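Comments concern the structure below.
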């Protein structure tokens, strides 16, 4: 299997998405099975417990959409928390902003970071050696629960789909704790699953954030290797959430360093909520 190209599939609710390639690494960590695959089209890719997580070719569709709507619109962004994010892509995008002075990246599975540093160097880029990034191998829920009030300007939840060790990252109690440790005008940004392949979880996340925060907005775009291809990211705040109010000079500089995100892309993506989701949120 490690020498010959083969089709490697993710199975989800009677469907599957396969990539042709060679397995470069297969190992079990304390939490999950980890595969690194050299795919024919998407380059090196990370698979966790049989689910595609990211690839060198398509990762920016995910990471740029998670990070830039929040960081381009908030004035104070010096202290950032990333829950998960072991591939380094979210940290890389955050570090494009000179105002960011400290990032705490809390990843429960150290092996994900190790294999990403070795095999997915294009994704983490220079983030791993940036002095502003502090890596903590810890449980994200416990980290948030033990953090002082008003500690972070932005929190990014960059986690995998709900599982035995990540379910608590999708609960009301966790979102309330995140709210507590945000600064007054802070923003919570989270991947909020697919409105197609994970509709029930998606609805749960949006309803929870609508209930816990005064303001929330959801954007939709595509991540090619994820189930159904369509994905979402939700942003929430209690004081201010004007995601189109940006520093245009700064945005132009960021846009020039992005492959997917720009302000026009973002503005359109926030208007793409499927009507079935609208109706279920209002029911």
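Glycine is no exception: its Cβ is also placed from the backbone N, Cα and C atoms.
Summarising the annotation, Swiss-Prot assigns domain 'PABS' to 5-238 and lists sequence analysis as the type of evidence.
Shown in sequence order, 83, 84, 106, 107, 108, 157, 159, 169 are the residues of the chain, 6+ apart in sequence, with a C-beta less than 8 angstroms from the C-beta of residue 140 (S-methyl-5'-thioadenosine binding site). Residues annotated as S-methyl-5'-thioadenosine binding site in Swiss-Prot, with sequence analysis given as evidence: 32, 107, 139, 140.
DSSP assigns residue 161 (spermidine binding site) to coil in the three-state reduction, outside any helix or strand. Swiss-Prot lists 63, 87, 158, 159, 160, 161 with the feature spermidine binding site, giving sequence analysis as the kind of evidence.
Close to residue 158 (spermidine binding site) in the fold, though at least 6 residues off in sequence, lie 66, 82, 83, 84, 85, 90, 191, each with a CB less than 8 Å from its CB. Residues annotated as active site, proton acceptor in Swiss-Prot, with sequence analysis given as evidence: 158.
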Express the distance between the Cα positions of residue 161 (spermidine binding site) and residue 32 (S-methyl-5'-thioadenosine binding site) as a whole number of Å.
13
Give me the Cα-Cα distance between residue 32 (S-methyl-5'-thioadenosine binding site) and residue 160 (spermidine binding site), rounded to a whole Å.
11
10 Å Cβ neighbour count around residue 63 (spermidine binding site)?
27
